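In what follows, a structure is listed as structure tokens, so that the remarks can point back to it.
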Amino acid sequence: MDTFLETMEDKLDYLERYIMTDSYDSTTKNSVLPSPQLLETWTAIRNSMAKNHEKGLHPLSQLVEGAEDQSKDTTTAAVIPSFNPPISPHYSRILDRLQQLDAKLDAFEESYSIMPKNPQETLKDLRSLLYNYEKAMVAGSHRLLHFYELPFQWRENKFIVFGYRFSKSHTAAFKSIVEVHNETANIWSHLLGAVLMIYLALFHYPSTQVYALTSTADHFVTFIFFAAATKCLLFSVIWHTYANISTLHLRQKFACFDYTGITVLIIASIITTEHIALRDFPVLRWGYVIFSFLTGVAGVAFSWSPQFDKPGFRPVRILFFISLAALGATAFITSCFKKGLFYSFDLYSPLLASFVWYLTGVVFYGSLIPERWRSDVVIDELKICDETILELDRSGKLEEYLDKEPEKTKHYGKFLSLWWVDYIFSSHNIWHMFVVMGILGHYYATLRMFKTIL
């Protein structure tokens, strides 16, 4: 062992001489920089030593200063048994030399703005700083948080500033259904909407004349629509209930529930219109229905992509759902060819009200109206994305930004400042109400379409 350590010390001596060799006779900066191979070798040494002697050489693993808090150290010490390295003069000298070389390499990196890692690896190293669970959970256990108290990846709509939850457990999140916070209106608008859908399916629809005059297949398609609508609304309730969960991967999964519900509702709505419009063409009808179903399956798979839930992906989400809804136009075009333009317009005209409700809601959702007009606090201009994290880190302003407090204006507390959008009538609340109205519009349009073909 001593022979090995002595050899290692000799190699580190050579490495230090290489780093500190004067090259200032050259006018180029590259002549002073250590080569990429050297940086790679040095990084490998540091990572290997830190991995094998995490307890003894822990300082060498801290590539981002201040990123590891005391609780992380305590957890690591509890999990990894205490390790006492062999007592040897060579070992002590190697430890000292590694620490010296680490400091010298850091000096090189700072002097010449060397990025030892790619941006994704840098983001990973900043994780413990960005996901400051303990700070948010301690505060969230007894009060609501403001936007800047949330860990960065929990921040979505910068115009909603106050009233955030941050729960450690599923139980705490579930209990918040009956509490007042900035998701209360979102939860209850769709929870009550789901109850309304169940009432319509079990009591109203079976009592209609359309139900009495249509076939079992027609009933089945209509009940599929009710099931999809109820599922969409309940999945939305699940998402908004657990959007505050402190485990990031679970939060992302709950968001996917919401997108899945929307996708299923759109496809079920399209299938009902295809079933009615192509009633006299069973082969075409089955072809359209099967294609719509397969498109919905693909859409659900796409909505579970990790990128789909990111704030910067909002325009893509909107375009995706609109494109999915546009699929229903194919059956209308086919009906025009088969049955005539005037007949098809008359058949589809009841759907116009539903389209208006849905599209109006999308406008509010996409434009973040009215909260973007609030004047009670100064709204941050930074975009919520990975590039912002890296830029703040490079400029040394990340910790300051993460500890930021909302800057109140002279209009704070006044009704016209729109302070209340945190809790009621935000763009998302309004969108929820238009979704319920769109579902109702589609249901009554379906009844009228059935009457047209009877």
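Using the three backbone atoms N, Cα and C, a Cβ is placed for every residue, glycine included.
Predicted automatically and left uncurated, TrEMBL annotations should be read as such.
Close to His240 (Zn(2+) binding site) in the fold, though at least 6 residues off in sequence, lie Glu183, Asn186, Ile187, His190, Asp258, each with a CB less than 8 Å from its CB. Annotation source TrEMBL lists Zn(2+) binding site at His240.
What TrEMBL lists as transmembrane segment is 187-205 (among others).
Look at TrEMBL and you will find 217-239 (among others) tagged as transmembrane segment.
Taken from TrEMBL, the feature transmembrane segment applies to 259-278 (among others).
Taken from TrEMBL, the feature transmembrane segment applies to 285-304 (among others).
As annotated by TrEMBL, transmembrane segment applies to 316-335 (among others). Residues 259, 262-263, 266-267, 269-270, 273-274, 277-278, 284, 288, 292, 295-296, 299, 302-303, 308, 343-344, 347-348, 358, 362, 365-366 of the same chain lie 6+ residues outside the transmembrane segment (316-335) yet bring a C-beta within less than 8 angstroms of a C-beta in it.
Residues annotated as transmembrane segment in TrEMBL: 347-368 (among others).
Remark: the transmembrane segment (347-368) makes no contact with the transmembrane segment (217-239), by the rule of 3 or more CB pairs under 8 A. Below 8 angstroms of C-beta separation, residues 177, 211, 222-223, 226-227, 229-230, 233-234, 236-237, 240-241, 429, 432-433, 435-436, 439-440, 443 of the same chain, each at least six residues beyond the ends of the transmembrane segment (187-205), sit close to that stretch.
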